[in-house]
Amino acid sequence: MRLRNKPWAVKLVNDHPESVLQNPNPDEKIYWEKRFGNDHPIEIEVGSGKGHFITTLAEQHPEKNFVALELQTTAAGIILRTKLKKGLDNLQILRGDAADINCFFDKNTTDVIYLNFSDPWPKSRHEKRRLTYKSFLNKYQQVLKPEGHIEFKTDNSGLFAYSVQSMNNYGMFFDFVSVDLHHEKPEIVEKNIETEYEHKFAAKGNPIYALHAHFETK
C-alpha cells in the first residue's frame, strides 16, 4: 500500500547516505560489513512500510544486523526517522526493488527474510508480482544461508493459500503454519511483533495468517 507523500522525507533520506542506500546499481556489489561496521548476522524485511516491525526487531536484537528493503521514499524516511531517534546502528535502509534482492546480497549471507503483509496482487495476470511467486523464492534461496528461513504474515486468505501452494510446489519445508496467529499459544503470541497493518487488521477481528518455511539443504 502506497503511503501519502511526506515532503520532508526526501531531504531526510538524502541527508543520511550512511543509513540509506538509494537505488543501487544491481551490478555493483554492496559491502554490508562496511556499512554496518561488523559481520553480524543479517536479516531482511522485504517491504517494511512505516517500519514498526523492523525497528522493534533491531532494538530487541543489537547482536544482529537488519536491512529494511523498501521502494517508497516516504516509507524510507519514516523508518529512518525512527532509526535515528532510537540510535539503531544495526539497521540499514535499502531503497530498491525486491526483484533485485539477489543482486543486493551475496549468496548464502542472510539468516532470515521477512515478508509482512505484502501486496496480494489478486488478479491472475499479476501473479508474477507476488513476493511468494516462484521466481522470488528462487532469489530468496540464493541469498539465504542453508540454515536460513522465510517468515511470512498476511491478513489475506487468498495470498496465504497461494503462498503455501507456491512454497510447497517449490519443495520448501514448513516449520510453522497458523491460520489465526493471534490466538496461538501464549508463548507464540508474546514473541510476535506486530506491523502497523497487522495491528489494524487484528483490531477488526480479522485472522492473521503466518508461516515459517525453509528450503531443502543440499
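Glycine is no exception: its Cβ is also placed from the backbone N, Cα and C atoms.
The S-adenosyl-L-methionine binding site annotation in Swiss-Prot covers GLU45, GLU70, ASP97, ASP119 and rests on sequence analysis. Close to GLU70 (S-adenosyl-L-methionine binding site) in the fold, though at least 6 residues off in sequence, lie GLY47, SER48, GLY49, GLY51, ALA76, ILE79, ILE93, LEU94, ARG95, each with a CB less than 8 Å from its CB.
Cβ neighbour count for ASP119 (S-adenosyl-L-methionine binding site): 15 (other Cβ atoms within 10 Å of its Cβ, all protein chains included). For ASP119, the entry in Swiss-Prot reads active site, with the evidence type similarity to another entry.
Other Cβ atoms within 10 Å of the Cβ of ASP155 (substrate binding site) number 19 in total over all chains. In the three-state DSSP scheme, ASP155 (substrate binding site) falls into the coil class. Annotation comment: Swiss-Prot describes LYS123, ASP155, THR195, GLU196, TYR197, GLU198 as substrate binding site, evidence class sequence analysis.
Within the region 'Interaction with RNA' (125-130), the DSSP-based counts of helix, strand and coil residues read 5 helix, 0 strand, 1 coil. Taken from Swiss-Prot, the feature region 'Interaction with RNA' covers 125-130.
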May I ask for the distance between GLU198 (substrate binding site) and ASP97 (S-adenosyl-L-methionine binding site), taken between their Cα atoms and rounded to an integer number of Å?
23
Limited to the region 'Interaction with RNA' (125-130), I'd like the whole-number average of pLDDT.
97
Name the residues of the same chain, 6+ apart in sequence, whose Cβ is under 8 Å from the Cβ of GLU45 (S-adenosyl-L-methionine binding site)?
PHE53, ILE54, LEU57, PHE66, VAL67, ALA68, LEU69, ILE113, TYR114, ASN116
What does DSSP assign GLU45 (S-adenosyl-L-methionine binding site), in three states?
strand
Which are the residues of the chain, GLU45, GLU70, ASP97, ASP119 excluded, whose CB is within 8 A of where the CB atoms of the S-adenosyl-L-methionine site average out, their centroid?
VAL46, GLY47, SER48, LEU69, LEU71, ALA98, SER118, LEU131
